[in-house]
Amino acid sequence: MKHIRNFSIIAHIDHGKSTLSDRLIQVCGGLSDREMAAQVLDSMDLERERGITIKAQSVTLDYHAKDGNTYQLNFIDTPGHVDFSYEVSRSLAACEGALLVVDAGQGVEAQTLANCYTALEMNLDVVPVLNKIDLPQAEPERVALEIEDIVGIEAINAVRCSAKTGIGVEDVLEEIVAKIPPPVGDETAPLQALIIDSWFDAYLGVVSLVRIKHGVLKKGEKFKVMSTGQNYNADRVGIFTPKEKDKLELRAGEVGYVISGIKEIHGAPVGDTLTHAKHGADKPLPGFKKVKPQVYAGVFPISTDEYENFRDALNKLSLNDASLFFEPETSSALGFGFRIGYLGLLHMEIVQERLEREYNLDLITTAPTVVYEVVMTNGDIVYVDNPSDLPALNNIDEIHEPIVEANILVPKEYLGNVITLCIEKRGSQTNMVYHGNQVAVTYHLPMAEVVMDFFDRLKSTSRGYASLEYNFIRFDPADMVRLDILINGDRVDALAMIIHRSNIRHRGLALVEKMKELIPRQMFDIAIQAAVGSQIIARSTIKALRKDVTAKCYGGDVSRKKKLLNKQKEGKKRMKQVGNVEVPQEAFLAVLKLND
């Protein structure tokens, strides 16, 4: 066991985690040169296209160190984006150490900090690595000082490497062997294995990635899942090198996969413990804290007969994505669908894209909302994540909105722009620290503002240099109201949104104008109104198409024309009573794209 090293790679987006993992695989000969592709571990098409890591992946490599021993390195490549921080904490639970990769040109960014603190809280040894030293703008000395200053770990002697050209990769491997401690565990104790991740394979059933803490898991043995008490047979066990490689057993300290033909989707939940069916361990390992979704949106299949497939797809996806939450929902405008809870907007985009690609579904999403705490006049507290569930205004005592603490790292020259943006988003500043050229500012912001388009706006006001990391801290009372859109006097539930009273006039007008462009003209007038309670705050009318009924009259008495026009008017009136307006797909999406 003393020759095993378990570690994960943490870094900010685009600091070169996936490229570094490619190099480690290549140096240790995990794949032949022919099989090497850039970003081997980003196996989803979506990951490659966007150039981001979404799912953590594990690999086992053998490294012949300079001290003459062969070490087994198990490493897990983790995502860097703030929406996927739960993936990072899951990966870290399986490790004894972490490589903190920092771009020698850009320096420390907010996400580097957040992930690094997560690792230090779990008592992992953090080894700093300065990447991209081949770039002309690299300043390893300055960045090393920045790491010591901001993160607070010793970094003057940090390894310098360039994952792209391969300089210094051997030194990184030597550092891992020297600085990261071997796993602690007892091979003779009863089996305890932590499920780090699982996914559904059409042929094999559920495949689980496990870290063996104590004991040995042999091929063909019976094991049980501790939370459900169900017993299964370990048909295949093995490791990823990144290819699957079957083994006869997995020993304490190792990371590998178990395939046991589990067909039901939630047979082996992530964070659960496996043990032997006979003479098993008494208590499970501490799992992961369940993450609470921050953003909710209604998602509906475009054709209603897809509903069953949609449900199956969500079940399969939630196995692989432990943070996904969903419950059935119906809407008078869109039919049957689900209310899905996400960790943030990027997560929402990725989930929708994965559903559409991997399961061939056509979906439509309503505007995302956060969870509000509503105090009723009778003293009850209810949590509302859907605007149409908001109780009537006269029953509400006050509404509390979720507040996040946002840590923003930004170069000095863009500080003014960032502060202006935060004030516009109703933020209050709580802290500001200068670290050399970087400034760390902390703001308390309403989550609803952060979720909509804050990240994009932050990047554009700072030319992409600012970085953001946020977490929920509390609920604060706020003057929130529900903005309804009425079409010919009928509420369209899928277009409702909860917003701050100061924004309603501006938001209402913009929405009504947008709807006017998108709803096709009918044979009768369509009134589009934005309302708060019973008060109408904006209105626009789509004029009716009309046929020129008097075209056949020429000359003669005006009363003949009047008669025809009045007859047309009567017809339009009747039509308006029975006619209903189809709201096109684009109208629902317009709500999402409505920038302030």
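Quick reminder: no glycine exception, Cβ is built from N, Cα and C everywhere.
These features come from Swiss-Prot:
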BINDING   Asp14, His15, Gly16, Lys17, Ser18, Thr19, Asn131, Lys132, Ile133, Asp134  GTP binding site
DOMAIN    2-184  domain 'tr-type G'
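For the domain 'tr-type G' (2-184), the model's pLDDT averages out at 74. Take Asp14, His15, Gly16, Lys17, Ser18, Thr19, Asn131, Lys132, Ile133, Asp134, the residues named in the record as contacts for GTP: the widest Cα to Cα gap among them comes to 17 Å. For the binding-site residues Asp14, Ser18, Asn131, the greatest number of Cβ atoms within 10 Å around a candidate Cβ is found at Asn131. Under DSSP, Ser18 (GTP binding site) is assigned to a helix (H, G or I) in the three-state scheme.
Under DSSP, Ile133 (GTP binding site) is assigned to coil, being neither helix nor strand in the three-state scheme.
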